[in-house]
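Notes to accompany the following structure.
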């Protein structure tokens with residue numbers, strides 16, 4: 001495995017050729033500046049000899065068909081392995097769901113991004129590949145963050161693409177973080193990366209980014225970088241800004257961020273999440289409606305069990321509508337403009 005990686009510098013190819021395991025862990029040096037550790041398939045760490053003050057996680061492929069972030073991360077990994085760029089911050093790359101990537105599908109059995117914060121082991125337990133992998137990914141995050149001295153800034157960007165078009169092509173979900181202000185620096189880093197829209201979540205979830213935020217105090221985000229396309233069919237020029245900013249972060253180059261200003265970004269607050277309670281749940285709008293479509297108060301969004309679900313606020317925008325989820329799961333997130341969020 002080691003020689004294959006040294007020869008190809010293609011960690012994604014190695015991962016997809018061995019989607020369940022690489023066998024034993026292995027490590028090697030890049031010159032005298034970086035130690036590389038491979039902990040598992042899809043799990044690679046870059047440890048600088050003289051690390052600066054940040055611990056950075058870039059995860060992708062939690063959903064197997066969201067290919068642009070996978071290609072973006074593999075490009076960064078390849079540049080690091082080729083020593084075209086040199087890591088100055090401790091960096092962990094996670095390719096989340098290799099089996100689903102090989103399958104060309106979002107999932108194998110279950111949505112992995114609902115299985116963190118221990119949800120993987122709740123009934124029915126570790127019964128499918130996503131549950132087993134989510135538990136392992138949690139352990140790798142724990143090992144990485146605890147593998148350095150306390151007091152370092154912890155960052156986790158969980159990279160995705162959405163199943164539908166969007167009024168705002170690139171957007172981020174800021175996990176619920178009671179008692180902690182939102183980071184102005186992080187919001188402006190996202191804006192510089194081309195991610196000009198942020199959703200402030202209103203409650204705990206079982207997503208990967210919430211896990212890192214809640215368990216480790218990380219500045220963590222679920223970042224949607226555009227629309228789903230098959231592997232190799234992404235227009236990677238649309239991700240130049242994101243790739244550049246991630247490279248600058250990892251290599252400790254100046255970020256040159258603008259000061260925070262609410263008029264430079266689109267800020268939304270999650271006002272509610274609508275879950276499915278009956279098999280007959282259906283939306284009233286077209287199946288191809290774009291994310292962030294806004295509806296007025298009183299508009300019937302959906303029907304189920306003989307009841308109508310209406311817009312409650314003056315206007316509510318929607319993201320991630322999906323009526324074909326299991327009972328008990330989220331069908332849509334409803335948003336309102338965020339007024340005076342605690343951003344510092």
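Positions of Cβ are set from backbone N, Cα and C atoms, glycine also.
Site annotation (Swiss-Prot): Zn(2+) is bound by 63, 66, and the candidate from 156, 160, 168, 201 recorded at this site is 160.
Put simply, residue 224 (active site) is 10 Å from residue 66 (Zn(2+) binding site) when counted between their Cα atoms.
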